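Reviewing the structure listed below.
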Amino acid sequence: METFPPINGGDRGRGYQTLEGPSDSQQQTSNDWKGVFSVTSYTQYFNVDSDIVLNRLISSLYPIGGDFSSKIDANPDLYGLVWITTTLVFVLAALGNCATFLMQKRSDHATAWSFDVSYVNVAAGSVYGYAIVVPMAFYFSLQYLGSNSSLIRFWCLWGYSLFIFILASFLLLIPVEFLRWFIILLSGAASASFVTLNLRSYIEGNNLSVMVVAAFFLQMALAIFIKVRFFP
């Protein structure tokens, strides 16, 4: 590409000036941003077999080990995040309605009961929002504070941390309020411990204990929200 008019003065052969193309670094940056919004960039994170997923699901139920981060270090996946969150949305919507039906029939047999469709919207907004936004917030916070972290691994970690709430939802059908609170608080503590114990591997050598505490209380807050909103 050439520019006009010619540069005044100097050699006549240099009257037209050739514009330089974009630098390699600019092209690389452009390609990186294109990859963020490309579906094909994420297909590798769904290339896991059922044995690996099952092993990670079991690990999420035993938070004391704290070795989940080492299991996903070489091959983090987003399959668990998508499958677990979607399953949890429908489980909360269905069993939440079922729980209100059981509680209502136990206390008042005369009142008519109807399915509350809003449970689906609330479950989808809260579960998907939490599973996507919270790991992103921790990732950018740790990056800003100088800690080495990975957004894909955080999404994977938080996704599997929600699996225990699927199992707990079935137990929350028990129409005994004391047992319901015990079940959800125990599940929340297990999920919170799973996240915090594995999150420590990304902040070793840094005085970022406040991030661990924040992650613990956010998981507990989610557990309490599930109980109050879907199993009142």
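All residue numbers here begin at 1 and follow the chain in the order shown.
Here the Cβ of each residue, glycine as well, is placed from N, Cα and C on the backbone.
Annotated features in TrEMBL:
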type: DOMAIN; residues: 66-224; note: domain 'Yip1'
type: REGION; residues: 1-30; note: region 'Disordered'
type: TRANSMEM; residues: 78-98; note: transmembrane segment
type: TRANSMEM; residues: 119-140; note: transmembrane segment
type: TRANSMEM; residues: 152-174; note: transmembrane segment
type: TRANSMEM; residues: 181-202; note: transmembrane segment
type: TRANSMEM; residues: 208-226; note: transmembrane segment
Long-range Cβ neighbours of the transmembrane segment (181-202) (under 8 Å; 6 or more residues past either end): 60-61, 63-66, 68-70, 138, 142, 147-149, 157-158, 160-162, 164-165, 167-168, 171-172, 174, 211-213, 215-220, 222-224, 226-227, 231
Mean predicted confidence [pLDDT] for the domain 'Yip1' (66-224): 88
